[in-house]
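J.: One structure follows; several queries about it will come next.
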């Protein structure tokens with residue numbers, strides 16, 4: 001089953017890459033740009049077929065993909081042009097001016113990438129990452145609204161029998177200890193709380209807020225027990241808890257009064273509505289952006305995990321090999337098949353979200369770097385027009401290729417470090 005999970009992730013990976021490149025391909029053709037190649041993978045070609053003026057194929061190493069567009073860069077002083085790969089890694093070994101001059105055919109003068117208006121070039125380069133974002137959103141919504149996610153529910157897991165300090169064992173209740181509000185009200189394990197103080201809710205966070213907001217109050221609590229609705233009455237205890245700021249962070253040394261009922265909630269798989277799903281995805285995108293920004297700070301710990309005896313944290317950067325291992329572990333978990341499928345779909349969705357964010361970095365040779373170049377050209381031309389100066393012409397992105405080589409070199413080193421860590425000290429979910 002472990003191997004099956006890895007194979008399934010590889011299929012998801014290939015589809016995600018093909019889907020990304022399809023975004024570039026479709027928009028390039030829509031704007032009349034000639035695309036000689038559409039390839040999934042690198043290395044030797046396993047299969048290819050030419051349709052129209054594009055060769056479609058699959059290569060042996062399934063760790064990337066690319067399309068080739070004619071005239072990616074403006075011609076140099078000698079008037080020569082080239083076709084360049086959209087793949088960052090393949091682009092490292094291509095000369096920005098001369099490698100594909102021979103691919104130009106009669107009539108290509110009107111089918112060059114750099115001759116398209118900047119907004120069209122932005123669309124072509126953005127289309128690839130955008131396809132990954134769309135796929136991630138669709139997969140997330142499928143799981144959230146179709147399967148649900150594991151979260152705390154309003155069902156009672158256990159009831160505290162007495163009110164004691166947090167440092168004491170809740171199972172050791174002395175006769176002198178006061179009964180907890182939940183126990184005094186007759187709340188039992190298995191009860192599903194339907195309403196609190198007249199407010200009906202099936203959301204744990206909302207229920208928790210209602211309890212905290214009513215210290216010292218006598219409130220009715222409606223529960224479902226064995227298919228019947230029962231109204232209990234609880235006197236909410238007063239508790240002093242640490243104050244939190246607007247971001248949910250604890251404010252040191254400050255406390256507030258909050259209500260306490262005295263029970264633990266059960267965890268269950270809960271389907272989300274559309275609004276809840278959008279909120280959840282927004283939080284995950286924010287987390288992904290924060291993790292991307294924190295990558296440089298995590299490199300020392302990653303190095304220690306790969307070459308030392310440091311632990312591999314759950315939020316450690318993970319590459320394709322590490323994600324494939326996680327896919328294999330999911331397939332071996334002793335959980336229902338539907339839950340395995342949901343976890344696997346979430347893994348592929350997260351991978352696509354990462355692809356979107358990573359490719360949008362405004363650095364060559366990534367898609368975001370070409371987008372930044374097109375936007376800069378648009379700004380230069382607009383400024384020249386306002387100031388009534390001569391049109392400066394296309395922005396020569398090829399001049400930034402030395403920077404692109406440095407960026408690509410850093411990416412390669414980081415990828416190798418992650419690969420070693422994924423092999424010798426992988427992130428585990430079990």
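Any Cβ shown, glycine's included, is placed from N, Cα and C.
Taken from Swiss-Prot, the feature Zn(2+) binding site applies to 20, 24. Annotation source Swiss-Prot lists active site at 21. Annotation source Swiss-Prot lists transmembrane segment at 122-144, 341-363, 402-424, citing sequence analysis. If you look up Swiss-Prot, you'll see 146-227 marked as domain 'PDZ'.
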J.: With a Cβ cut-off under 8 Å, give me the same-chain residues at least six positions beyond the ends of the transmembrane segment (341-363) that come close to it.
T.: 5, 8-9, 12-13, 16, 20, 128-130, 132-133, 135-136, 139-140, 142-143, 147-149, 284-285, 288-289, 292, 323, 326-327, 330-331, 333, 369, 371-372, 404, 407
J.: Within 10 Å of the Cβ of residue 21 (active site), how many other Cβ atoms can be counted across all chains shown?
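T.: For residue 21 (active site), the 10 Å Cβ neighbour count is 24.
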J.: For residue 20 (Zn(2+) binding site), write down the residues of its own chain that are at least 6 apart in sequence and whose Cβ falls under 8 Å from its Cβ; none is a fine answer.
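T.: Those within reach of residue 20 (Zn(2+) binding site), by Cβ under 8 Å and sequence separation of 6 or more, are 65, 128, 129, 131, 132, 355, 359.
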J.: Residues sitting near the transmembrane segment (122-144): Cβ under 8 Å, six or more positions beyond its termini, same chain?
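T.: Hits for the transmembrane segment (122-144): 16, 19-24, 26-28, 31, 33, 69, 86, 113, 116, 271-272, 274, 276-277, 280-281, 284, 342, 345-346, 348-350, 352-353, 355-356, 359-360, 367-368, 370-371, 374-375.
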J.: What is the pLDDT of the domain 'PDZ' (146-227) when averaged and given as a whole number?
T.: 85
J.: Counting across all protein chains shown, how many other Cβ atoms sit within 10 Å of the Cβ of residue 24 (Zn(2+) binding site)?
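T.: Other Cβ atoms found within 10 Å: 25.
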